[in-house]
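I have placed the structure first, in the form of structure tokens, so that the comments after it can refer back to it.
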Amino acid sequence: MEAFLGALEFQENEYEEFKELYESLKTKQKPHTLFISCVDSRVVPNLITGTQPGELYVIRNMGNVIPPKTSYKESLSTIASVEYAIAHVGVQNLIICGHSDCGACGSIHLIHDETTKAKTPYIANWIQFLEPIKEELKNHPQFSNHFAKRSWLTERLNARLQLNNLLSYDFIQERVINNELKIFGWHYIIETGRIYNYNFESHFFEPIEETIKQRISHENF
């Protein structure tokens, strides 16, 4: 019922604040960024990016997953939406946004017995996209008994995995090489509002203010 009351409030009051904007969006959209995030209710793309309607093209699924090219048929709607945003809508930026306390990432540390898989077969099948992270985690045994650090590491490895999966598609890789598309990997910390951006050169996640400074200094933002 809360959603209905909220919709009524929007319709009768909040819409008026953006009336001209919505009217301008009646027959066209020109978002500058494709934002791929988890379905988690605590991740609100327009809120954390300070954007208005029409600025973001949003794709959401459990774990902000992009299927690798070798498995694209297992999540055709996701990659088809990515292709549409890039090839037809013409976005110039693409952000993969992971987040803290991610249930999808946390699930790879749990034991998935056959009973659990039988109860939630679709979830079990989807989580298989995150399997490569398990191998990478073996390189960081120091975090195996530290829940918080292991969680952050898993979430960041996942964001990096999805960036690599994106680049397995020719139509994305070509645009990145030709500087027609910029791709970013974010890790959003829910309880603090902090966002960390993946640095492709250092292979570390850095506070976004550092990324902004670097890109402004290189006039590449």
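Cβ coordinates come from backbone N, Cα and C, glycine included.
Worth saying up front: this structure is predicted, and the values here are computed from it rather than measured.
Marked as Zn(2+) binding site by Swiss-Prot: C38, D40, H99, C102. Less than 8 angstroms from the CB of H99 (Zn(2+) binding site) sit S37, C38, D40, R42, V43, E155, H187, Y188, I189, I190, each of them six or more residues away in the same chain.
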Identify all same-chain residues not among C38, D40, H99, C102 whose C-beta atom falls within 8 angstroms of the centroid of the Zn(2+) site's C-beta atoms; report them in sequence order. S37, V39, R42, V43, G63, N64, G98, S100, D101, G103, A104, C105, E155, Y188
What is the total of other Cβ atoms whose distance to the Cβ of D40 (Zn(2+) binding site) is within 10 Å? 20
For C102 (Zn(2+) binding site), the same-chain residues 6+ apart in sequence with C-beta under 8 angstroms from its C-beta are C38, D40, G63, S151, T154, E155, N158
